[in-house]
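Just below is one structure, and these are the notes that go with it.
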Amino acid sequence: METPLEKALTTMVTTFHKYSGREGSKLTLSRKELKELIKTELSLAEKMKESSIDNLMKSLDKNSDQEIDFKEYSVFLTTLCMAYNDFFLEDNK
């Protein structure tokens, strides 16, 4: 039986692969795929402007290949986890 943390990790990996490869490489997310992932999987997307998604793509795409690989996606998730933790800490003061 999977632990809650293992389920979370499985979800993060399967979510990446659910969107990657719809166009281009199965191992990367294009801008369009990243945008679709964000808009579908994250409630914060409702508040994001197109320019914010473009800026996010640029900041994540460390090798400047116009695609987000799994390592770059992992950095995105880590950043989100840190933001959620900050929110949690602030909310519990």
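Glycine is no exception: its Cβ is also placed from the backbone N, Cα and C atoms.
What you see is a predicted model, and the numbers here were worked out from it, not measured in a lab.
Per Swiss-Prot, these features apply:
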| type | residues | note |
| --- | --- | --- |
| DOMAIN | 12-47 | domain 'EF-hand 1' |
| BINDING | Thr28, Glu33 | Ca(2+) 1 binding site |
| DOMAIN | 48-83 | domain 'EF-hand 2' |
| BINDING | Asp61, Asn63, Asp65, Glu67, Glu72 | Ca(2+) 2 binding site |
Residues lining the Ca(2+) 2 site besides Asp61, Asn63, Asp65, Glu67, Glu72 (CB within 8 A of their CB center) are Thr28, Leu60, Lys62, Ser64, Gln66, Ile68, Asp69
Distance, Glu33 (Ca(2+) 1 binding site) to Asp61 (Ca(2+) 2 binding site) (CA atoms, angstrom) | 14
In the structure shown, with every protein chain counted, which of the binding-site residues Thr28, Asn63 has the densest set of Cβ atoms within 10 angstroms of its Cβ?
-> Thr28
Return one of helix, strand or coil for Glu72 (Ca(2+) 2 binding site), based on DSSP.
-> helix
According to DSSP, does Thr28 (Ca(2+) 1 binding site) fall in a helix, a strand, or coil?
-> strand
